[in-house]
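A short write-up of the structure that comes next.
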Amino acid sequence: MSTIHIKGGRVIDPGQGVDASLDVWLRDRKVLAVGREGPGDADEVIDAGGLIVCPGLIDCHVHLREPGNEEDETIATGADAALAGGVTTVACMPNTIPPLDTPAGVEYIVLQAKRAKKCNVYPVGAVSKGRSGGELAELGRLVEAGAVAFTDDGAPVANPSLMKRALQYASMFDKVIMQHCQVMELTDGGVMNGGYQSMRLGIPGMPPEAEDIMVARDIRLAEVTGGRLHIQHISTARAVEVVREGKRRGVRVTAEACPHHFTLTDDRLESFDSHFKMNPPLRTSEDVQAVIEGLTDGTIEVLSTDHAPHAPEKKARELNLAPFGIIGLETLVPLVVTHLIGPGHLDWPTAIRMLTVAPADLLGLGHRKGSLAPGFDADVTILDPSARWTVDPGRSRSKSRNTPFGGWEVTGRAHTVIVNGEIRFRHDPGERGDLPAG
Ligand SMILES: NC(=O)N[C@@H](CC(=O)O)C(=O)O
């Protein structure tokens, strides 16, 4: 029976409506108490003075690459990068090789994550067999094996009839269909956002309407089926507006935004640097502003990373041949602090909600994760809200280095991370890249 006492921190637990200087006690892999009085006999005491103590952060959109592309990432390395980013739970995407479209594939992820003993990993199953968009996967069997949601991420579920059936069938298990919204016929061969910059640079574009159209289509399908729809990595102003309007009609639609879509714009591609190549692509400043407004007004309720590691030699290829995607687990917190909380777009409780109780509810984990209520899992993230440091790709715990944020001076980082009642990450003070306070 081990007890951890986290004392003197600012406890922010939006699920419980808590934002106060309180102590937290963990015992036997569960939250024991949050308050000013607790058991005196702790095995470990953590001084959280000047720090933020919150439920373990949950990232619902992470590519771990295992099985099949272990040269980019493994479950162990990705789950370790999550810890360094303050993330205690990830939902991993099914675009592995083979894809997660069978119970055995889902069970493999669960087993490998347990062996790694880093962050918690929950598999997201494929919607269609082989992620081919042709035939529904056996969703019920995938749920039994441990799938917490379904997506064909990396590809849309393009066939509207299949999408409609997926929404209907998944709702039998109260699971969400996460959609990568892209009309492929409009983006074929595209490398960056389609618009003024792509024309100016002579780079094939992916027009925003490729996202807008599928978002609108799928919201209508969710409306007629009553199914649960989640819009992944939303990136366009029109998509945000369509989600806002769908919510007004009572449609069961949620949405997530990733840091690159609220910090970067498509003019960055003038560098022809593939670290600015991801899908959906970087959009215009109007789109960035709309994503921020969507976060501010609650249209977008989840923050995620779409952590998409690619080995350096793959990203070193010329722009139109390099794969889409960037890593993000270790820059999530600093980019949220620096570019959402710092400028006043979000307050701390709202930002923490988007990384705890909101993704927990999305993944059906809200009864045990995403809050510090007594009896909940002892997953705790302790953040240093004022730490200033410089992003150094070479120090990432990911196997890959493909971040566009290298060299950025940021504020905020993970201090201590506890998973299942065990301290699994401590930031070592004076680490290279730390900047003087002030
Ligand atoms: N988001 C990305 O840019 N890349 C994703 C797949 C995808 O969604 O295209 C990946 O798996 O690399």
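Every residue number used here counts from 1 along the chain in the order it is shown.
Here the Cβ of each residue, glycine as well, is placed from N, Cα and C on the backbone.
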Annotated companion of HIS63, LEU64, ARG65, ASN95, ASN279, PHE324, GLY325 at the substrate site, TrEMBL, chosen from HIS261, HIS310
HIS310
Check TrEMBL: it lists HIS180, HIS233 as binding Zn(2+) 2. Then name which of ASP153, ASP212, ASP218 it lists for that same site.
ASP153
Have a look through ASP287, ASP297, ASP306, ASP347 and flag the one TrEMBL assigns to the Zn(2+) 1 site that HIS61, HIS63, ASP153 belong to.
ASP306
So HIS310 (substrate binding site), by the Cβ count within 10 Å over all chains shown, scores 28
With respect to ligand 1, which members of the binding-site residues HIS61, LEU64, ARG65 satisfy a Cβ distance under 6 angstroms to one of its atoms?
none
Let me make sure I understand the span of the substrate site: among HIS63, LEU64, ARG65, ASN95, ASN279, HIS310, PHE324, GLY325, what is the greatest distance between any two Cα atoms, in Å?
17
For ASN279 (substrate binding site), which of the listed binding-site residues (HIS63, HIS180, HIS233) have their CA atom within 10 A of its CA?
HIS180, HIS233
ASP153 (Zn(2+) 1 binding site) as reference: those binding-site residues from ARG65, ASN95, HIS180, GLY325 with C-alpha within 10 Å of it
ASN95, HIS180
Per DSSP (three-state), ARG65 (substrate binding site) is coil
